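Input: a single structure, listed below in structure tokens.
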């Protein structure tokens, strides 16, 4: 009997990591559900808040900038204070941001809410680190693929349900539907997710059997001060300034004055490049100086936000650049397709939010299929071959969109091919990063990887919006002349994405020469 009980107990213990994986996968589903539900509403938000196409990109970009700054910090905080504690705190902040978004009555409040919500992106390097702690090396690619597929599952739900909710109940309801899910996941993580103490490498371990710290640990306040000194505050501020300045320069390029928009509608171009240059120059100068100071700060810091000694190792550098391009490609699509689909004919299709979600649904469905599948493929074939195939398919998808974005069916086909490539390339690149990193630096490295994905994601919408704002065509709708993004602007968007994908192919080939094909 004792033996049977022992075996039963052992079985429960083995299943615990999979329970944690299920909960963290639900977290990924919720986050992507929240993000994709809002996407069909972007053209509606432009009208409701009376903002330009250029400024509309900040609905996505503000969220992503906050995430880009927070993710490496959250990775470091989780290494210092523990994965679970920091994960719960970030989830509470995320829920507050979601609530504010649903209550927003003006564009500024929406941007503030989205920024607070973006802090929640810091959840994911912690989640990947927990998975790394819980599973053996040979299961890492499979579990990574499962979490990636749950991002896709959230996209499927968000795009299919989100368009319907936006159409029937308005965009505010997309925020309110997330709040009960977030609260439920908070409770589940607090109750069921347990992490090994090995995931807290900086934690004090000199504790007596009574549970009280011994003499060597009596100066806990000094230890806490040392913990806080390990967070690179200067680096975080400089990184935020750098990203914001460069993206603001794109915003000023893409936003002509209101006077030009109204008085010069019929002219070939309503954009004053001289005026724009004078506006963006200060941001470019400040951004460049801030970037140089950030690099200097990271090289001299004892606890850098980005440890260049690890990051500049060729496998980690190349795989992270591929991850960055994946993020750029995905969010460039998210910014572009809703506006293309809902723009009036003959440039767009004149569809509503429901149709927008349905046209993008193949993108999410293929991600859902290939997320876990790519994990198993990588466990059999290694990471390099899927990365190469994935980058080629990504480029092929953008080529289809470039040539055939005048037909809804071909847009869906191009998105399906694109999502297949993004799945393979993303899971493979993340796996290379994880397996190339010493376990004690997993939290920091995954924070860097997530940050770069988010930086790429923030660049994607800004680039797309720049092309849409600076290349517009007049159109007469029931006697009212208005300007909308021209067909040429969509050509530029998909061509730019194709060039980034071609660069990713070159990087994947370089990565294959650095690593064994069976990694």
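Even glycines carry a Cβ here, placed using N, Cα and C.
As annotated by TrEMBL, transmembrane segment applies to 20-46 (among others). Sequence-distant neighbours of the transmembrane segment (20-46) (same chain, 6+ residues past either end, Cβ-Cβ under 8 Å): 52-53, 56, 59, 63, 91, 98, 110, 117, 120-121, 123-124, 127, 130-131, 134-135, 143, 146-155, 157-159, 161-163, 165-166, 171, 174-175, 177-178, 181-182, 185, 188-189, 192-194, 334-335, 338-339, 342-343, 353-354, 356-357, 360, 364.
Residues or ranges marked as domain 'Major facilitator superfamily (MFS) profile' by TrEMBL: 20-516. On the 0 to 100 pLDDT scale, the model's mean across the domain 'Major facilitator superfamily (MFS) profile' (20-516) is 79.
Residues or ranges marked as transmembrane segment in TrEMBL: 52-74 (among others).
The feature transmembrane segment is assigned by TrEMBL to 86-104 (among others). Non-local neighbours of the transmembrane segment (86-104) in the same chain are 27, 34, 70, 74, 77-78, 110, 112-120, 122-123, 126-127, 130, 172-176, 178-179, 182-183, 185-186, 189-190, 193; each lies 6+ residues outside the stretch with a CB under 8 Å from one of its CB atoms.
Under the heading transmembrane segment, TrEMBL lists 110-131 (among others). For the transmembrane segment (110-131), the residues of the chain that approach it from at least six positions outside its boundaries are 20-21, 24, 27-28, 31, 34, 45, 49, 58-60, 62-68, 70-75, 78-79, 83-84, 86-87, 90-91, 93-94, 96-98, 100-101, 103-104, 140, 143-144, 147, 193, 195, 199, 430, 434, 442-443, 446-447, 449-450, 454, judged by C-beta separation under 8 angstroms.
Look at TrEMBL and you will find 173-193 (among others) tagged as transmembrane segment. Beyond the transmembrane segment (173-193), the same-chain residues lying 6 or more positions past its ends with a Cβ under 8 Å from any Cβ of the stretch are 19-20, 23-24, 26-27, 30, 33-34, 37-38, 41, 84, 87-88, 91-92, 94-95, 98-99, 101-102, 130, 162, 165-166.
The feature transmembrane segment is assigned by TrEMBL to 233-253 (among others). Long-range Cβ contacts of the transmembrane segment (233-253) within its own chain (Cβ-Cβ under 8 Å, at least 6 residues beyond either end) map to 54-55, 57-58, 61, 65, 68-69, 73, 276, 279-280, 283-284, 286-287, 290-291, 293-294, 297-298, 301, 304-306, 455, 458-459, 462-463, 465-466, 470.
Through the fold, the transmembrane segment (277-296) approaches residues 235, 238-239, 241-242, 245-246, 248-249, 252-253 of its own chain, all at least 6 residues removed from its boundaries and within a Cβ separation under 8 Å. If you look up TrEMBL, you'll see 277-296 (among others) marked as transmembrane segment.
Cβ atoms under 8 Å from those of the transmembrane segment (317-341) belong to residues 36, 39-43, 53, 57, 60, 64, 311, 348-349, 351, 353, 355-356, 359-360, 363, 387, 391, 394, 398, 405, 408, 411, 415, 418, 422, 425-426, 429-430, 432-433, 436, 448-449, 452-461, 463-465, 468, 485, 490, 493-494, 496-497, 500-501, 503-504, 507-508, 510-511, 514 of the same chain, restricted to positions at least 6 beyond its ends. As annotated by TrEMBL, transmembrane segment applies to 317-341 (among others).
Taken from TrEMBL, the feature transmembrane segment covers 361-379 (among others).
A Cβ distance under 8 Å defines the sequence-distant neighbours of the transmembrane segment (386-404), meaning residues of its chain 6+ beyond its ends; these are 319, 322, 326, 329, 374, 377-378, 410-411, 413-429, 432, 491, 494-495, 497-498, 501-502, 504-505, 507-509, 511-512. TrEMBL lists 386-404 (among others) with the feature transmembrane segment.
Per TrEMBL, the feature transmembrane segment maps to 410-434 (among others).
Counting residues 6+ beyond its ends, the transmembrane segment (488-511) has Cβ neighbours under 8 Å at 314-315, 318-319, 321-322, 325-326, 328-329, 332-333, 336, 340, 384, 387-388, 390-392, 394-395, 398-399, 401-402, 405, 421, 425, 432, 463-464, 467-468, 470-472 in the same chain. The transmembrane segment annotation in TrEMBL covers 488-511 (among others).
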